[in-house]
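J.: There's a structure below that I have some questions on.
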Amino acid sequence: MSAHTYKKFENSTSGDLPDKMTIYQDCMNTFNESPVNSKRCRLLISRLLRLLAQGETFPQNEATALFFSISKLFQHQNDPLRQAVYLAIKELSGISEDVLMATSSIMKDVQNGSDLIKPDAIRSLTYVLDESTAFSAERLLKSAVVSRHPSISSAALCTSYHLLPISEVTIRRFTNETQEAVLDLKQFPNQHGNSEYYPNSTYISQYHALGLLYQLKKTDKMALLKLVRHFSENNSMKNQLAKVELVKIVNDLIYRDPQLFSQFRPLLSDWLSNKFESVQLETAKLITSFATRNSRLVAPELYAAAISALQSLLTVPRVSSRFAALRILNRISMVSPEKIVVCNPELESLINDSNRNISTYAITTLLKTGTSKNISSLISTITNFIHDVSDDFKIIIIDAVRTLSLNFPQEWKSILNFLIDVLKNSEGGFKFKNSIVEALIDIVSFVPQSKELALENLCDFIEDCEFNEILVRILHLLGKEGPSAPNPSLYVRHIYNRVVLENSIIRSAAVVALSKFALTKNDPTLYESIISLLKRIANDKDDEVRDRATIALEFIDSARNKDDVIAQNLIESKYFYDIPSLESKLSSYISSNTDSFATAFDVNQVRKFTEDEMKAINLKRKQEQIFNQKSETTLDTTPEAESVPEKRADANSFAGPNLDDHQEDLLATKYADELLSIEQIKPFGQLVNSSRAISLTEPEAEFVVRGVKHLFKDNVVLQFNITNTLTDIALDNVSVVCTPEISDEAELEELFTLQVDRLLPSEEAACYVAFKKLDEIVMEGFLNNLTFTTKEINPDTNEPFDGDEGFQDEYEIDSIFLNAGDYVKSSFTGNFSATFDELPCEEVAVFNIQEDLSIQEVVDKIILNSSCLPVESTQFAPSDSNSHTLKLFGKSALTGSKVALQIKMIKSSKGLALKVHGKGEDSLLCSDLVNGLMQ
């Protein structure tokens with residue numbers, strides 16, 4: 001039937017849906033006619049299915065009436081019509097009542113129907129059977145599973161798979177038949193007679209049978225092992241999807257028990273050379289993802305073979321295979337870029353691939369494999385390419401280059417020249433240009449030696465920039481960084497041009513930027529010029545511009561002639577407020593208004609950061625984004641990836657909580673607010689530092705406890721967050737007894753303990769133990785016991801029974817350690833080597849770690865213990881090297897004194913040797929941090 005004839009009741013060029021009520025009435029009338037017009041019925045069913053496919057639905061009573069009318073068409077022996085009927089039954093069964101009435105008609109077709117409609121009838125059983133009626137189809141399904149016809153067998157296996165959650169007992173009765181179907185090479189009738197009506201068999205029933213068999217045996221590890229051994233022998237699998245499923249079963253097994261990997265090594269090696277590209281891809285994906293989590297169990301030869309297989313797939317004609325191989329290599333490049341350097345020639349050839357998804361993936365993968373030796377050549381390779389792609393792909397490439405600039409700050413010149421070239425010479429929209437400017441801002445912030453060149457080029461760019469938002473950002477950057485540059489007068493001319501030539505939004509931003517140059521110490525002669533310009537601008541016709549110029553003049557006069565510190569800070573800000581904390585405090589201030597705002601908002605209660613601290617926070621967040629990307633590459637390939645639980649806000653990990661930055665900052669503010677609201681702790685003064693929360697019990701324990709260390713100038717407060725997971729027990733008088741490990745030489749004096757009066761089931765509360773420090777820096781370990789009185793809960797009142805005195809008990813929890821890292825905050829330095837050489841105090845220590853830890857695991861532990869900021873991207877240890885140097889920088893949370901660590905690591909058969917070289921302004925902090933680094 002031609003498409004024109006089939007669609008004669010619709011406008012073939014229109015996307016409009018047919019009227020729902022018209023279709024309903026036509027169906028009800030036509031399906032009940034006698035004799036049945038099969039051609040007309042098929043047409044109406046197709047129009048009905050189109051409605052349902054587009055999201056239209058019918059009320060339950062109308063859907064049920066349609067279902068009954070359609071079920072009458074079972075009496076017609078036209079096979080094409082019956083096929084359409086089964087499609088309609090499938091769609092209507094979810095919104096109709098009493099669908100079981102069609103079961104007998106479907107059963108007849110399953111038993112006596114032709115080979116054409118029998119598979120459709122079997123598939124529709126899924127939608128009409130329930131737990132009470134599924135057993136009636138057992139015999140029919142069992143015989144269909146072992147049918148010699150591939151379509152019938154596949155339909156029965158798929159139906160059984162979908163009935164498994166409904167009636168598992170019934171489906172388990174034909175496990176043996178399912179296992180036979182895996183090895184049975186089913187073929188269509190007359191396949192060898194070259195009949196035009198039957199295609200060659202793809203043996204898809206093997207895949208369906210194996211999928212069902214896995215679901216039946218997935219809880220039995222030994223059964224799965226036997227299944228893999230049995231089906232991997234003698235090349236019995238002919239269908240490539242079945243072979244891919246077998247690889248996934250192996251992946252599931254080694255995910256549960258990594259020690260099984262050695263048993264499958266020969267099999268995996270054989271699969272890497274399989275004739276099917278999909279099998280090679282799935283096997284390479286399995287090996288590389290497993291190696292990310294268990295590198296010691298994967299032989300270098302096998303890993304190299306997996307990379308070689310992916311490398312060969314980069315040159316195959318099939319686009320999907322090239323893309324899949326490239327995607328796996330891209331994931332590897334996030335974790336171990338050095339291992340795919342051998343693929344660079346193939347990756348470079350894909351840069352000009354006609355498929356832009358492939359070409360973009362190729363270039364971003366190449367950039368991730370960059371080292372200090374080949375960055376220049378990579379940048380030159382993509383310079384011409386980037387001008388020929390769309391903005392979306394350009395942004396992806398710029399983001400990759402931005403990451404490269406953070407990983408290799410010493411190569412800033414070639415990266416900066418590339419970004420400037422693209423910014424000036426490439427056409428693109430706002431998002432593209434903004435991504436380049438963000439990358440340049442990162443380079444200026446985190447690579448100080450690049451500042452002068454970057455700012456000069458940005459000055460040239462704003463002369464022709466068409467985007468207001470980007471102009472405002474660049475003007476803000478010039479106002480922030482320009483006054484401290486060697487030649488600040490260079491930027492004043494460009495900024496003033498914007499005041500003269502642009503609209504009010506740009507001119508307002510330019511006035512603010514211009515005012516910041518008045519107090520620059522690098523060129524005091526600028527003062528008179530800036531004052532003259534601002535006085536001229538103060539007569540501007542636009543009030544936004546005029547007001548800013550007027551207030552800037554007032555601030556400058558107060559700061560220069562009256563030594564007004566507040567005015568000077570407003571012009572040259574030395575501190576940055578914690579924005580999430582400020583937002584939270586303002587929201588609380590507005591919502592708790594009791595005196596019509598007679599009491600002014602106290603900005604001193606908001607956390608402030610110095611410029612170095614702010615840069616350290618921003619750099620650490622960017623590093624954690626890269627770290628999280630690497631973690632995702634391992635999660636994406638595990639069988640349980642979708643069920644990985646979300647981390648708590650106070651989870652303990654180097655990479656930080658699995659939250660956005662806003663929530664993470666609010667957590668620190670929450671701690672400070674809770675402590676300052678406690679009367680006994682208020683006299684301690686301002687909170688200096690808080691640690692990350694540390695798990696002190698197992699997550700599945702009866703009482704889940706997490707500890708947080710809070711540091712004040714002369715005091716230490718230990719906070720214990722306790723969760724009662726028992727459902728019928730309440731805890732009274734809950735407290736933690738903290739005993740210093742070295743009690744006879746304790747440098748802490750316990751002041752008080754704040755207990756929790758009552759902790760009901762599923763509730764969480766905090767108890768506190770406060771100490772007075774006898775020295776400025778105290779390092780101590782605490783043995784902890786949770787003490788409480790248990791009382792049984794009355795389920796009617798959800799309170800303990802009256803008169804129940806309870807039972808006193810205690811619960812030992814893990815120790816908590818106060819170390820030197822708790823006295824340190826992350827801080828940023830643009831030139832680590834120069835800063836390290838300038839610091840006066842020095843301390844050296846050597847450690848020999850006997851535990852079987854990788855260099856990366858030790859790096860993570862050191863960063864967590866020291867609380868310092870890793871610089872020059874040394875937080876990522878190369879996986880193919882036995883040595884690494886970690887560089888850390890921080891400041892004392894108490895005094896602000898600088899401390900820097902340079903840690904050299906060498907791994908050998910005897911263990912891991914560490915040489916820690918620390919330098920700082922405070923000899924005591926430097927010594928304690930170096931010597932207590934591995935505690």
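Each Cβ is built from the backbone N, Cα and C atoms, and glycine gets one as well.
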J.: Which candidate in Ser653, Ser743, Ser833 appears in Swiss-Prot with the annotation phosphoserine?
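T.: Going through Ser653, Ser743, Ser833 one by one, Swiss-Prot flags Ser653 as phosphoserine.
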J.: Going by what Swiss-Prot says, which of Thr638, Thr739 is noted as phosphothreonine?
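T.: The residue tagged phosphothreonine by Swiss-Prot is Thr638.
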J.: Have a look at Ser372, Ser643, Ser879 and find the one that Swiss-Prot tags as phosphoserine.
T.: Ser643
J.: Could you check Swiss-Prot and say which of Lys368, Lys431, Lys620, Lys647 is marked as ubiquitin cross-link?
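T.: The candidate carrying the ubiquitin cross-link note in Swiss-Prot is Lys647.
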J.: For the repeat 'HEAT 3' (373-410), what does DSSP give as the number of helix, strand and coil residues?
T.: 33 helix, 0 strand, 5 coil
J.: Give me the DSSP three-state residue breakdown of the repeat 'HEAT 5' (524-562), ordered helix, strand, coil.
T.: 31 helix, 0 strand, 8 coil
J.: Check the repeat 'HEAT 5' (524-562) for me and report the mean pLDDT.
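T.: It averages 84.
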